[in-house]
Amino acid sequence: MASSPTFLLLVALFALISWQAVASDPGPLQDFCVADMHSPVRVNGFVCKNPMDVNADDFFKAAALDKPRVTNKVGSNVTLINVMQIAGLNTLGISIARIDYAPLGQNPPHTHPRATEILTVLEGTLYVGFVTSNLPAPNRNKFLSKVLNKGDVFVFPVGLIHFQFNPNPHQPAVAIAALSSQNPGAITIANAVFGSDPTISDDVLAKAFQVEKNTIDWLQAQFWENNQN
């Protein structure tokens, strides 16, 4: 039987390997891998630009994240800075977003399929929450929520449906979110279900939501606006 220190070393090594295997983005094997957006090669992410051609601008964007944004009809605007805006984020597993909320505005229920999100409130108040997955009882689809004030921080676990809502009818709110992927993705639930192209059969959705088909038809006829920039 292996000695205790050897056993603990093996356990630690296995845990490290397992963590790398389930990480959202692959870990870098060099200092950086600036995305070559013009390469015809298709990989999971982007191929590396020649390091000799890399300069400081590959890690920079004048994003003006200190400036307010115009919100849409659901009352929010998400300004995401990911690898498509800063090529130097390739393989680094992180991105950032500014989120503006109009009075009574919301960032509607959505998921990030490839990232955990950590959000901090810069201005105003937000009511936020997420719903757990279809776990065995008693935690099946458990709703966890919190009211956040300026300076508060909240975490949304990877892949779970979550939202933010500004409950103040008179004042806007602003938040900054960091996400654990160079390309976290976003799936807004209502847009995906009722605004898909082509549309999902109303027979399927009527059965799934236990409503009449004319209700589904009405929902599918709405304009499902995207608040992601």
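Backbone N, Cα and C define each Cβ position, glycine as well.
Automatic prediction, not curation, is the source of TrEMBL annotations.
Listed in sequence order, Val155, Phe156, His162, Ala177, Ala178, Leu179, Ser180, Pro184 are the same-chain residues at least 6 apart in sequence whose CB falls under 8 Å from the CB of Glu117 (oxalate binding site). The oxalate binding site feature in TrEMBL is assigned to Asn107, His112, Glu117.
According to TrEMBL, the feature Mn(2+) binding site maps to His110, His112, Glu117, His162.
Per TrEMBL, the feature disulfide bond maps to Cys33-Cys48. Around Cys48 (disulfide bond), a 10 Å sphere centred on its CB holds 19 further CB atoms from the protein chains shown.
What TrEMBL records for 60-217 is domain 'Cupin type-1'.
Summarising the annotation, TrEMBL assigns signal peptide to 1-23.
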Other than Asn107, His112, Glu117, the chain contributes near oxalate (Cβ within 8 Å of their centroid) the residues Ala97, His110, Thr111, Ala115, Leu119, Phe156, His162, Ala177, Leu179, Pro184, Ala186
Nearest to Cys48 (disulfide bond) by Cα distance: which of the binding-site residues Asn107, His110, His112 is it? His112
Would you list, in sequence order, the residues of this chain other than His110, His112, Glu117, His162 that have their CB within 8 A of the centroid of the site's CB atoms, where the site is the one recorded for Mn(2+)? Thr111, Ala115, Phe130, Phe156, Leu160, Ile161, Pro184, Ala186
Nearest of the binding-site residues (Asn107, His110, His112) to Cys33 (disulfide bond) - Cα to Cα: His112
Packing count at Cys33 (disulfide bond) (other Cβ atoms within 10 Å of its Cβ): 22
So His110 (Mn(2+) binding site), by the Cβ count within 10 Å over all chains shown, scores 21
